[in-house]
Amino acid sequence: MMKDVDPMLKSKEIHPSNIELQNQLGRGKFGVVYKATIHNVDEISQDVEAAVKTSNDMADLEERQELVEEMKLMVQLGDHPNILPLLACCSVREPYYLITVCMKYGDLLHFLRKCRHQENIEKDSTFRVGEKEKLMIALQIAKGMAYVREQRFYHGDLAARNILVDEGLDIKISDFGLSEDLYTKGYQRRAKEQMIPIKWCSLETILQGICSSDADIWSYGVVLYEVYTLGGTPYPGIEGRFLVPQLKRGYRMEQPAHCPDYVYEIMQRCWQEEPSERIKFQEIVEKMDASLVQMTDYVQFFSEDELMIMAEDEEINGPVSPTDDHHEENFAPILEEDDNVNVDDLQAIMMMDGFSITDDATIHTSGTKNVYV
């Protein structure tokens, strides 16, 4: 059934005939993403390579409509270098298409895991991710999230799987399908039966169903763990349904190998139980900016003779890579987990441990593993 274009999307609306779908980039429970060529995006542009997100056959009417709401939210967020922009859309009739730029390296989680392997580094130097590159990634995510907070929004599902990587380690945060405007009261409650990833969620999100920018900060701390372990699984060896009582008792992840002390301190400040006591995104940006400048200045201290010796050594022994610093067997583990937890099981475990969750909170995890979805 045809409908009028939403005024918010009018400048982005294109005709479906302008979209030439190609190979599939990723698939989730209710959505699928294709690589595509977009013809005549506007009067000036020529053909554009893009990623097109649409619903699959499993999506019901409400889930299909959520795709349109995500388009509108992306327009509301506006432009920022570290936020994935809405390039165009088809929102008048089904199938709905959400169209964005195509990011060469896909999602950050899969990118980081590829950085573990020397053969990938030899083929493409972008996969050579050392301390400086990790900091650049973390800083861009913090800048994007600081902007989201400034616009009075939250993300709601911040994780490496929902962050995209392009050439030059250009980082863009994506998948704002859970986001809400925080203008009214500063937080939102999750709807019943909404899927949430426990290992990335704050305690107030799990126990009370509360989502906010402060909850995003907790999730950012987990993203830092993913970055500094090159895609390690958070809380390895702990099932999602047993994690919450341990968090309530004060357990937090240990400092990853090769993670600087100042970064781990930021992680710990992200994981304060009281939301108001957590570090803010803007402070994270300032700290990381200063560290990056200091790191760059340190590199500039080498004399020309020292740099020449280093270049000769690299020519003889090969370039330094992340695997030169630590062997692959020392990486944090990557676990294929089924973290889906139903609320009854979690409630029973929490009650045995002397804790409870409110009726407003419904606890599940999604464990999305698909590029772009």
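For all residues, glycine too, the Cβ spot is worked out from N, Cα and C.
TrEMBL does not curate its annotations; it predicts them automatically.
TrEMBL annotations:
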BINDING   Lys53  ATP binding site
DOMAIN    19-292  domain 'Protein kinase'
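Of all Cβ atoms in the shown protein chains, 25 besides its own fall within 10 Å of the Cβ of the residue listed as 'ATP binding site'. The average per-residue pLDDT of the prediction over the domain 'Protein kinase' (19-292) is 90, rounded to a whole number.
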